[in-house]
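*Asks:* This structure is in structure tokens; I'll ask about it shortly.
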Amino acid sequence: MYVRKYILLLGLMVISVKVSAESGEALWMRYLKLPSDLQSLYIPYAQVYFEEGSSTIEVAKQELAQAFVGLTGVDIKFQKKPFKCSLLIGKNVNQFWNIPDIEKNLKKCANEGFVIRSVKRNGVRRIIVTANTDAGILYGTFALIRLMQTGCPLDSLNIIERPKYKFRLLNHWDNLDGTVERGYAGRSIWWNRKETLDALKHQYLTYARANASIGINGTVLNNVNANPKVLDQEYIEKFARFADLLRPYNIKVFMSINFSSPVIIGGLPSSDPLREDVQQWWNQKVKEIYEAIPDFGGFLVKANSEGQPGPQDYGRSHADGANMLARALEPYGGIVMWRAFVYSPSGDDRAKQAYDEFVPLDGQFRDNVIIQVKNGPIDFQPREPFSPLFGAMEKTPLMIEFQITQEYLGFSDHLVYLAPLQKECLDSDTYVKNEGSTVAIVTNGTLFKHQYSAIAGVANIGRDINWTGHHFAQANWYAFGRLAWNHNLKPEDIAREWIKMTFTHDSVFVESVLDIMMRSREAVVNYMTPMGLHHLMGWDHHYGPAPWTDIEGARPDWLPRYYHNASEEGIGFNRSKSGSNAVSQYAEPLCSMFNNPKTCPQNLLLWFHHLPWDYRLSSGLTLWQELCYHYYRGVDEVKLMQKKWDRLRGRIDDERFEHVQHKLKVQVREAKWWRDACVLYFQTFSKMPIPYELERPEHDLDELMNLKFDMKNHN
Ligand code: BDP
């Protein structure tokens, strides 16, 4: 009896270990045993000399130990002396072996980079991981772990890396009440938690390790629509506690602030940035923050946008507002990230407004201000051209903001791998200086030689056990970090790494899932907003299709009709010279290329042009036919993704397999919902038949228009 109970208990323990390991909780840091051929490649490196140092060094060392034993089944032996070791990690380890070019290569590594080098002397193989700083050692250690996790041979490594951006940040849109704006993975990991910090420590450290593993070095812990209370002592203390936890992982904390804080919590009569009492108030606040958090990163500010207060409330400019905060932060080395996401109902084209408002201010910002610009001119749509602000402000550092959370791409219900979207934007040539002036080199500070460069991703992280709601949404967190570290990486290479680390090395699985991921972005563009269409979703939930929405009294630029302009004459937004002339915000030859529908890339055609339904495309099809094909192709692609996934049963744990399988079922259903809603609605204008070889829609337009969307099911 006793024995049976014991066995049962043991069984439960085994199950619970399996559940937690395969729930997605461990992200890409599962460190499960590798295939035995790989284990034997790595086991010879178990004798390690790890130079002593700060808490950053300590966490890197622990990580290596944990990863090594997990992956190989063999414990690392840390040695006090380097000479018999096969793996040497530390800032000064090259002194023992004097590999001549290592010192030279270290000069290329700047502050956070690292060198990993395999050497063979007297028949003995060794690996050296070295850097100029502890942060570099941390990233070098994680890079070595990744090589092992992905099954790379270690005997001829010669890696020299440094990050492309100085600040690589997550932006959490987390409210102090624990809700997350546009969050689809449960409530905030940071705010309004019942548990003690101690009880949550494991979760926070997993977060920190995950970010360090991909090179994220900063995090904004609260929503850009900021609650002024965040500057109260109580919250400053909370920020300080988070900063303490994240510090060893080279992650700084940043805060979103409300521009009216001096009035709302400071009791001042005004928040005018040119008033001395207001400036004093901010100086004092910043001082309090730095007393609690000596390495505090700085502020993120959404001002005069979507109802948020800002300097324009007092007749001042964005530069006046940003500079006041920058002056307060300057003595401590803090920065201001001032968002350019501004648009007012009065403008003739929302896509032009950020440029119109910010370009005239070029040269007026202090050195520690960075303007944070969303990747596209509107708002995180499945496809947009790059924002014309990139390259247009030579004297001001501009950072790029991507959305990792899928506000407009099916929340955490749709499998959409975002690296291709981000890469497309980063690789876009702005032509502002000459050919090759890509968005990446504008924003990474090299084109105009700026001291600061930054990149931010709006986080998709919540309290869900798998962190991101959809297991595949973890890939978007991962890929954002990898691209922020090195925008030259290829989305498919990043995906392959992630799949191996997150699921399995089984090559059938890896290649099929890679194919699924690489199709997924174009699939969502096709079933939601093909050919340059945008903003067709329900105006409040941003989830399903609602191109028909008409709400009396609503701001026109919140409604899809403003963007698609469908009528019997045709469809699309005329941003050419005969329309809003948004094309002129782009440098030549882009301006002319976008301006002419014959040369405008087809995937942006209706972004820049309003065209008749029978307009002939180079394919020989009419615009209407082509649009139908795109919508149908979108659905077909998701069906194919689903089929490919279904064949993979048994190659990974059932739990994650079934979770993804269920989500794909939902995605197929909803892709059809999008397709049918858009095709049937636009057909009321085109009055043309759906090409006969395509299936008939599965829905009826009236039924779709009356569908009530319940947000509760999606959080
Ligand atoms: C929009 C979101 C809104 C954000 C805003 C922003 O719908 O919730 O507050 O962006 O970026 O896309 O400030």
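A Cβ is built for glycine as well, from the same backbone N, Cα and C atoms used for every other residue.
Any TrEMBL annotation is an automated prediction that lacks curation.
Keep in mind the model is a prediction, meaning the values are calculated, not measured.
Checked TrEMBL, it gives:
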- 27-144: domain 'Alpha glucuronidase N-terminal' (DOMAIN)
- 148-467: domain 'Glycosyl hydrolase family 67 catalytic' (DOMAIN)
- E306: active site, proton donor (ACT_SITE)
- D379: active site, proton acceptor (ACT_SITE)
- E407: active site, proton acceptor (ACT_SITE)
- 468-693: domain 'Glycosyl hydrolase family 67 C-terminal' (DOMAIN)
*Asks:* Counting by DSSP secondary structure, give me helix, strand and coil numbers for the domain 'Alpha glucuronidase N-terminal' (27-144).
*Replies:* 51 helix, 24 strand, 43 coil
*Asks:* Quick one: what's DSSP say for E306 (active site, proton donor), helix, strand or coil?
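*Replies:* It is coil.
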*Asks:* Rounded to a whole angstrom, what is the C-alpha distance between E407 (active site, proton acceptor) and D379 (active site, proton acceptor)?
*Replies:* 10
*Asks:* What residues, ordered by sequence, lie under 8 A Cβ-to-Cβ from E306 (active site, proton donor) and sit at least six positions away in the same chain?
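*Replies:* The list for E306 (active site, proton donor) reads N225, F341, given in order along the sequence.
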*Asks:* Quick one: among the active-site residues D379, E407, which has the most Cβ atoms sitting within 10 Å of its own Cβ?
*Replies:* E407
